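As annotated by Swiss-Prot, 3-amino-2-oxopropyl phosphate binding site applies to N12, R23, G200, G221, Y222. According to Swiss-Prot, the feature 1-deoxy-D-xylulose 5-phosphate binding site maps to D14, H15, R50, H55, T105, an assignment based on sequence analysis. Summarising the annotation, Swiss-Prot assigns active site, proton acceptor to H48, E75 and lists sequence analysis as the type of evidence. The site 'Transition state stabilizer' annotation in Swiss-Prot covers E156. Taken from Swiss-Prot, the feature active site, proton donor applies to H199.
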Amino acid sequence: MSSSQSLRLGVNVDHVATIRNARGGDRPDVVRIALAAIAAGADGITAHLREDRRHIRDSDMARLKAEIEKPLNFEMAATAEMQGIALATQPHAVCLVPERREELTTEGGLDAAGQYNALAPFIAKLNDAGIRVSLFIAADPRQIEAAAKLRAPVIEIHTGGWCDAVVEGDSGKADAEWRRIVEGAALARSVGLEVHAGHGLDYATAETIAALPEITELNIGYFMMGEALLVGIAETVRTMRAAMDRGRATLKTRTA
C-alpha cells in the first residue's frame, strides 16, 4: 500500500466509448486515449463493463489489459458473468459497483451490508485469484464495517453527493456530505482498509479531497473527458495532477 503522502490518479475512459458508440465503429479509440492519459501522468486506467454494454465493450477490456502498462481497474456489477470475465482478464483490480439499467450513471454506493452473504463468496473468489477487490460505497459506517468484514482490501468512497452539492452551491448539504467523507475515510483506515474516492470530481473538488491523508487514489472520468474535448487529454491529465498535488501539499504543510 502506498504511504499517506502519495496520491494516485486513475482515469476512467468510459465516456470515450460513449462518444464512439454514438456513431458505431472504432473511433475514438479507447485504448489510444488511455495510453495518452498514461503518457501524461495518469497512474492507472478505470473502465466499467456494464451488463448492457452501453459504453465499454468486452474487447475494450481485453485490449486495455494487453496494451497498457499501468494498473487496470475493472468496474463491474457483482454478477457471475462479470466475475467470469474478470477472472479471464486478470486486471490489477476489480471495483464492485451497483448497477441499474435505467440509470444514466452509477447513482449510489453498493449495499455491502445488505448483500453481505452474496458478496462474501464472490469477493473471496476474486481475492483467491490475486485480483484486488474494491467496493464502491457511501461514506457510511455500516457499509465501511461490512467492507472490512468481507475482506475487501479497498473501498472507493462515492463522492457524488458532495460534488453535486458543491456545483449547485448548496453549502449546507456540501458541508454535511464533506463531514461524512472525512469521517468515513478515517474510519476506513482505522479498520485497515485502503481508501480511494471518486464520482463527480472536478479540478476544485479533487484539490480539496486530495488534502485528506487517508485517500490514496482518485478515479475521475466524466469531467476529464469533457475537458479533453476542449484542451486535449494530455493537458487535462496534467491540470488534474497539478490540482491534486496542490491539495496534497497542504497535507505536507500541516504535518511538517
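Including glycine, each Cβ sits where the backbone N, Cα and C put it.
The maximum pairwise C-alpha distance among N12, R23, G200, G221, Y222, the residues recorded as binding 3-amino-2-oxopropyl phosphate, is 26 Å. Looking at G200, G221, the binding-site residues in this record, the fewest other C-beta atoms within 10 angstroms of the C-beta turn up around G200.
Considering only the recorded positions R50, H55, E156, no residue lies within 10 A of N12 (3-amino-2-oxopropyl phosphate binding site) on a C-alpha to C-alpha basis. Proximity to H55 (1-deoxy-D-xylulose 5-phosphate binding site), defined by a C-alpha to C-alpha distance within 10 angstroms, is shown by the following recorded positions from H48, E75, E156, H199, G200, G221: H48. Ranking the recorded positions D14, H15, E156 by Cα distance from R23 (3-amino-2-oxopropyl phosphate binding site) puts H15 first. In this structure, the recorded positions under consideration are R23, R50, H55, H199, and the one with the smallest number of other Cβ atoms within 10 Å of its Cβ is R23. Cα of R50 (1-deoxy-D-xylulose 5-phosphate binding site) to Cα of G221 (3-amino-2-oxopropyl phosphate binding site): a span of 15 Å.
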